[in-house]
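The structure appears below as structure tokens.
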């Protein structure tokens with residue numbers, strides 16, 4: 001193994017901006033930095049960092065003066081690519097041309113980074129066959145100042161007392177009760193009054209006299225990532241622009257900022273002075289032993305940015321609210337346990353012995369005795385009682401209050417973290433959008449010329465994308481119909497098996513296996529659709545990253561909603577409603593429609609929820625634990641085995657960039673949000689079928705918080721800190737689910753099993769073959785019908801009562817959140833923290 005290093009000082013490459021020191025004509029007569037871009041750049045494409053001619057003389061001297069000490073530059077970003085040396089003579093002509101093109105793109109990209117004012121130090125670790133190249137990027141003080149103003153970054157003006165508050169902690173302190181959830185976390189990040197950075201006001205910003213600490217690590221990473229995203233490596237009109245394309249094309253293997261250091265504690269332990277931010281987060285947040293402590297959200301925000309901090313704030317808030325729902329749901333379930341053996345209808349059903357013969361549940365199913373459904377009826381009684389109805393109404397109100405109080409919490413955090421106006425003022429156009437936009441237009445808020453794509457064209461593209469979404473939803477519906485047919489056919493096959501025990505449980509076996517097959521379909525279709533949705537969203541040309549993510553999220557959620565909820569909705573609202581009656585059964589593609597099993601559809605719905613919700617949570621948690629560890633293990637094994645083959649000692653020291661490259665790339669927050677939102681839907685929409693759902697969700701989320709925290713701190717490469725003012729379109733999706741849950745919980749017409757004698761059952765074939773003297777077979781089935789097969793007066797009475805209940809609840813319950821809504825300040829009503 002050998003290492004090679006090449007350095008390119010940024011002192012001679014300062015064409016990105018003309019950085020001259022001048023005597024300011026302001027009232028404070030302070031020496032400031034002029035970072036106005038050169039005329040050549042003003043005429044170039046929007047946001048481009050393309051190479052321009054080098055400045056000479058005073059310009060170059062000014063750049064060197066602002067670049068800081070070149071002896072020990074601070075590493076702000078790392079680019080990595082791997083080169084397989086043995087392929088050079090094994091490749092065919094096309095592959096060799098592709099390799100040469102990638103090499104040319106990399107060299108052009110690095111040259112343009114140097115032209116943008118960055119320092120690029122290259123290190124390589126090589127064995128006999130492979131070379132791993134590391135490009136260490138550093139930004140000078142002048143480059144940081146220029147881009148801080150260009151990106152409208154907000155920097156501190158004055159420190160103010162920490163305003164973090166927690167009403168439960170304050171209540172316990174007032175009552176004199178020790179708060180076991182509270183923990184003092186060292187190095188509390190201070191809060192500031194801040195405003196958008198301006199170079200001509202530099203001395204007024206707090207800490208501007210110290211160039212090493214004025215820009216925090218997250219600010220430096222944001223600036224470097226912006227440069228990387230806008231730097232071309234070829235013709236910009238061909239979209240040969242930015243780090244995203246280089247990673248997608250395989251030109252680069254990775255691009256990431258460095259962690260602050262190791263996460264493991266020093267030999268002195270947690271009491272050691274000068275713990276880095278990563279160690280503080282690990283010790284007080286990511287450890288499993290901290291499951292019962294408040295999350296240090298300010299520390300998370302300082303290290304990972306507002307977007308990650310808001311996700312963990314939402315996850316912790318939602319988990320805390322699940323506690324009362326889990327307690328009430330568990331009590332409702334325990335009430336059901338007591339009612340199982342005291343419920344009169346259930347006792348009568350179990351005591352019917354052989355008195356009542358029931359009609360077959362499928363075409364070739366046998367007649368069955370009502371008493372054989374005793375166990376299923378008792379299991380159904382655990383969920384189907386008066387307490388469940390009250391609990392479903394409680395959960396509807398719970399969901400409304402949860403979102404109203406989260407709006408209050410979100411607005412408070414956005415104000416404290418100074419990001420309440422991020423989307424309107426600070427957020428810039430996406431580099432991919434800027435490279436592909438056909439024209440420019442003034443920004444109505446800032447007045448600056450920015451890339452523009454006509455709204456009419458975007459609307460047409462979104463309409464075309466909607467057609468694709470409808471087609472994919474149709475595929476999911478086809479899969480649902482297939483599952484329905486599978487259940488019906490499987491019930492017939494099991495009934496014909498000749499095994500008495502299996503025949504008695506034919507419907508239950510068909511339902512359970514159908515749930516497993518449905519889960520497999522769900523997981524497979526999810527992977528396919530996510531990739532398709534990403535391509536469609538790119539094509540729609542959304543201006544900002546927030547709008548891009550919102551559009552992508554909405555597409556995926558519409559599909560996932562149908563994918564995950566179609567089967568439970570079918571069981572809860574449609575299954576057993578269109579069966580018909582003996583002698584006039586309805587069919588689907590020649591197969592008789594499904595009936596609810598002996599214990600009713602409620603127990604089947606509970607089974608479906610347990611298989612999909614709990615099964616998905618278990619699978620997701622196993623994936624979140626195993627996949628990052630396996631990927632990390634393989635990455636370390638692959639890289640370290642190369643060093644071992646090259647003769648390096650296994651214990652040889654490695655640079656921090658090598659250690660971070662062995663970690664797993666961060667995959668973003670989309671999957672994390674999607675998992676929690678789908679869980680929220682199961683907990684609210686179908687909670688009447690499984691009162692224990694909030695308890696399962698609570699236990700899962702306790703694990704999820706520490707699992708996600710551990711991934712970000714220990715197993716992921718450090719992501720670029722991103723700003724956000726809220727959780728985006730996820731809140732509107734949650735609000736839509738809440739409205740659906742309110743309607744669902746009051747309109748579900750599942751009632752206690754009521755069995756009624758109906759007309760004689762005469763199978764057609766048996767009538768045709770039976771002698772005239774043969775008596776008919778009389779059986780019972782579940783319905784409110786008369787002897788002629790029409791609905792009885794009881795059916796219409798119950799239907800009227802249910803409709804009246806729905807109307808009363810919707811009319812009286814819908815405004816229930818209005819008082820809370822009125823007390824919740826909208827984010828725009830908060831005072832602006834960016835005061836000059």
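Note that Cβ sites are derived from N, Cα and C of the backbone, with glycine treated the same way.
Note: TrEMBL annotation is automatic and uncurated.
The compositional bias 'Polar residues' feature in TrEMBL is assigned to 1-12.
As annotated by TrEMBL, compositional bias 'Low complexity' applies to 56-68.
Taken from TrEMBL, the feature domain 'Anoctamin dimerisation' covers 73-297.
Under the heading domain 'Anoctamin transmembrane', TrEMBL lists 300-811.
For 1-70, the entry in TrEMBL reads region 'Disordered'.
Per TrEMBL, the feature transmembrane segment maps to 311-341 (among others).
Annotation source TrEMBL lists transmembrane segment at 386-406 (among others).
Same-chain residues lying 6 or more positions outside the transmembrane segment (463-489) and placing a CB less than 8 Å from one of its CB atoms are 362, 510-511, 513-514, 517-518, 521, 525, 529, 532-533, 536-537, 539-540, 555, 558-559, 562-563, 566-567, 570, 588-589, 591-594. The transmembrane segment annotation in TrEMBL covers 463-489 (among others).
Through the fold, the transmembrane segment (509-530) approaches residues 472, 475-476, 479-480, 483, 486-488, 490-491, 494, 502, 556, 559-560, 563-564, 567, 597, 604, 607-608, 611-612, 615-616, 619 of its own chain, all at least 6 residues removed from its boundaries and within a Cβ separation under 8 Å. Sequence annotations record features per position, and here TrEMBL assigns transmembrane segment to 509-530 (among others).
Same-chain residues lying 6 or more positions outside the transmembrane segment (551-573) and placing a CB less than 8 Å from one of its CB atoms are 462, 465, 469, 472-473, 476-477, 480, 483-484, 515, 518, 522, 525-526, 529-530, 533-534, 536-537, 540, 542, 601, 604-605, 608-609, 612, 616, 670, 673-674, 677-678, 681-682, 685-686, 689, 728-730, 733, 744, 748, 750. Annotated transmembrane segment per TrEMBL: 551-573 (among others), in sequence order.
Counting same-chain residues at least six beyond the ends of the transmembrane segment (680-703), those with a Cβ under 8 angstroms from any Cβ of the stretch are 291, 315, 318-319, 322-323, 325-326, 328-330, 332-333, 336, 383, 388-389, 391-392, 395-396, 398-399, 561, 564-565, 568, 572, 602, 605-606, 609-610, 612-614, 617, 621, 734, 737-738, 740-741, 744-745, 748, 750. The feature transmembrane segment is assigned by TrEMBL to 680-703 (among others).
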Which residues, given as numbers and ranges, are at least 6 beyond the ends of the transmembrane segment (311-341) yet have a Cβ under 8 Å from it?
294-295, 297, 300, 347, 378, 381-385, 387-388, 390-391, 394-395, 398, 402, 405-406, 409-410, 413, 669, 672-673, 676, 680, 683, 687, 691-695, 697-698, 701-702, 704-705, 708-709, 727, 730
When the pLDDT values for the domain 'Anoctamin dimerisation' (73-297) are averaged, what is the result?
85
